[in-house]
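A short worksheet on the structure shown next.
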Amino acid sequence: MNNILNHIGIENYIFLSVILFCIGVFGVLYRRNAIIVFMSIEIMLNAVNLLFVAFSTYHQDAQGQVFVFFSMAVAAAEVAVGLAILVSIFRNLGSITIDNLKNLKG
Amino acid sequence: MSTILIIFCVLSAVTLATAFLTIFSRNPIHSAIYLVICFFSIAGHYLLLNSQFLAIVHVIVYSGAIMILFLFTIMLMNLNEEKEVHRPRITRLGAIVSFCLICLILIAIFINSKPIVGEYVTTGEDYQSIKVLGKVLLNEYMVPFEFASILLLVAMIGTVLLSKKEKLQK
């Protein structure tokens, strides 16, 4: 159990997190519900975290995992602020489809 | 195929399938539930990589805190699935095409970088127990650790200010 990457290989983790990241990008482009867009951003962050942990195991270095802790803290703060913004948008506009938010377009 | 590889394949299939279902399900609450399953399978990946502390923190932070926040926001907004109008077909087609292109390009890049990745060697040194993680976190990353607490404080204040009901301007 001490060398998991001998059984699986780092390439499989790379491919998994690449596909997961692309699913996140796809969700941002495909849906117009702002909450689902936020969930897709979470999926992207998780894909990157997974790759960090895989490479931390690969290099046998704890710093990758420490970085994942920081990115989790940033993700938690981002979600809290983002959802507060969504709630206030919903109060003002009555819906959270992101196509309504084009006041800056001019 | 070894047992670990089978576990990895099952976990990866669950992760990718629930991530797709998160995007494709019409009801936002169903999306949130699928995302919880996705996060749990990613915690399973962390356990497979032998980083137990990170797996537990991941379950607590993501599946606990963040998803509860999502679910409460969805329930606060009372979103119906009928309300959502779909994008025009050309936009969806563009999204699918760009998804395929990004996947193709990134996977091609990583396949070509395989000789650089090389072989994996173990030295048997302890590098991911809670003891080592705590030492690294509080010795080398002391200042970013404190800044993370400041970030969380600022985020909390900002959230309270943003979601406070505004009084009508007179």
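A Cβ is built for glycine as well, from the same backbone N, Cα and C atoms used for every other residue.
Residues or ranges marked as transmembrane segment by TrEMBL: A:12-30 (among others). Same-chain neighbours of the transmembrane segment (A:12-30): 36-37, 39-44, 46-48, 50-51, 54, counting only residues six or more beyond its ends whose CB sits under 8 Å from a CB of the stretch.
According to TrEMBL, the feature transmembrane segment maps to A:35-55 (among others). Only residues 6 or more beyond the boundaries of the transmembrane segment (A:35-55), in the same chain, are considered here, and those with a CB under 8 A from a CB of the stretch are 5, 10, 13-14, 16-18, 20-21, 23-28, 64-65, 67-68, 71-72, 75, 78-79, 82-83, 86, 96, 98.
Tertiary proximity for the transmembrane segment (A:67-90) is limited to same-chain residues at least six positions away from its ends with a CB under 8 Å from its CB atoms, namely 34-35, 38, 41-42, 45, 48-49, 52-53, 56, 96, 101. Positions annotated as transmembrane segment by TrEMBL: A:67-90 (among others).
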